[in-house]
Amino acid sequence: MEKNLQARLAERQRQSRYRQRRLISSAQGPEIRVGGKLLLQFCSNDYLGHAAHPALAEAMCAATASHGVGSGASHLVCGHSDLHHQLELRLAELTGRDRALLFSTGYMANLGIIAALLGRGDQVLEDRLNHASLLDGGLLSGARFQRFRHNDLADLESRLAALPDKGERLVVVDAVYSMDGDQAPLVELAETSARHSAWLMADDAHGFGVLGAHGGGSAQHFQLGQQELPILMGTLGKAVGSFGAFVAGSETLIESLIQFARPYIYTTAMPAAVAAATLASLDLMASESWRRERLHRLIQSFRERADAAGLPLMPSVSPIQPLLVGDEDLAMSISAALEERGVLISAIRPPTVPPGSSRLRLTLTAAHSDSQVDRLLDTLVEVFRRVAPELLFRQSSSDVRVDDQ
Ligand SMILES: *Cc1c(COP(=O)(O)O)cnc(C)c1O
């Protein structure tokens with residue numbers, strides 16, 4: 001085992017795919033302390049800047065005083081508190097669903113949902129660019145697993161039409177793609193799925209809190225009810241700024257997950273104080289919509305100015321604004337040159353993205369100031385001119401399309 005692992009590690013290194021963790025010694029925010037140095041970061045998913053907001057911290061402290069730290073047991077034994085319950089009611093209301101169910105993480109929610117609903121003899125169809133947890137859930141379920149071309153309705157339709165006439169069918173997508181920032185065409189996906197008697201599941205990790213009139217996410221944005229989009233999953237560690245995840249849907253769906261979803265049943269409930277902090281974040285989302293508005297203004301102005309500067313934007317309207325580089329080593333060099341200048345943007349390489357599509361995954365948040373975004377653009381232009389001038393003005397942003405290789 002030891003020898004085999006060392007060989008695999010060496011191979012990783014040789015491919016420029018070796019990953020390393022950075023040690024952060026400050027709270028989340030536009031500026032974070034990394035190894036004693038203050039860096040301007042554009043890589044967190046804290047889109048609304050709630051992660052270090054005092055309202056969340058205060059709610060968490062107060063709930064720790066009343067409910068303690070550990071939840072003591074799983075939800076089904078004796079770990080399900082009144083605070084968890086209140087949060088589930090709020091999430092159901094915000095998403096316009098019958099009920100919502102909390103999971104400890106988004107990864108576990110996706111494994112749990114898909115594997116609880118499907119088994120051998122069933123069919124699962126997933127977008128090629130789906131998050132790893134959705135792909136893993138599909139494989140774990142034992143259902144027949146297919147991937148369709150990214151956002152390609154015709155490919156999905158022909159695969160659905162060719163399915164045998166037995167077993168259940170589930171179509172699974174990211175509502176906003178985590179490494180690309182583009183949206184799934186949920187309205188059309190819902191129609192196609194319904195036409196072929198398939199349920200649709202959307203993972204809204206990057207839309208919840210950001211999209212929709214009240215931050216209710218992609219379902220609210222497209223006005224899709226639980227009829228059209230029966231399984232809506234969202235996470236609480238990104239725009240919401242706390243931790244955990246949920247699924248929202250019908251009474252039957254939620255009761256089934258409570259009975260059958262093993263990553264729900266066999267794990268300790270998240271601390272009640274985390275649920276309290278999440279409730280405080282939802283209050284903030286409702287009372288201070290200016291953060292969402294500011295974020296969308298920043299995204300628009302960043303895109304206009306980056307496009308004018310010839311930076312290799314991808315077609316994204318979300319806070320995720322990747323710059324497509326292609327080569328893994330080049331992506332690493334650009335990221336390192338940015339860091340030397342005090343700007344932190346992570347390079348995303350295979351296997352997270354398809355080979356040849358390495359990129360800088362840049363994210364904007366409502367907490368970034370105008371002058372921080374100015375500095376971002378100036379630094380990007382300087383570094384691209386020095387390190388990768390061939391990528392500037394390569395093609396207009398609307399031509400760039402990364403799909404399955
Ligand atoms: C982050 C993410 C998850 C996992 O959520 P966690 O709560 O961090 O485990 C699932 N799906 C997508 C699309 C994500 O981006």
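Here, residue 1 is simply the first one shown, and the rest follow in order.
Backbone N, Cα and C atoms are what each Cβ position is placed from, and that goes for glycine too.
Note that TrEMBL annotation is computational and uncurated.
These figures come from a predicted structure and were not determined experimentally.
Going through Thr268, Thr278, Thr352, Thr363 against TrEMBL, the one listed in the substrate site together with Arg19, His131 turns out to be Thr352. Record note: TrEMBL gives Gly106, Tyr107, Ser178, His206 as pyridoxal 5'-phosphate-binding, and the candidate from Thr64, Thr235, Thr252 in that site is Thr235. There are 28 other Cβ atoms within 10 Å of the Cβ belonging to His206 (pyridoxal 5'-phosphate binding site).
Taking a C-beta cut-off of under 8 angstroms and a sequence separation of 6 or more, Tyr107 (pyridoxal 5'-phosphate binding site) has the following same-chain neighbours: Ser133.
Using a 10 Å Cα-Cα cut-off around Lys238 (N6-(pyridoxal phosphate)lysine), the binding-site residues Arg19, His206, Thr352 reduce to His206. Gly106 (pyridoxal 5'-phosphate binding site) has a Cβ environment of 25 other Cβ atoms inside 10 Å. For His206 (pyridoxal 5'-phosphate binding site), the nearest of the binding-site residues by C-alpha distance turns out to be His131; the candidates were Arg19, His131, Thr352. With respect to their backbone Cα atoms, His131 (substrate binding site) and Ser178 (pyridoxal 5'-phosphate binding site) stand 7 Å from each other.
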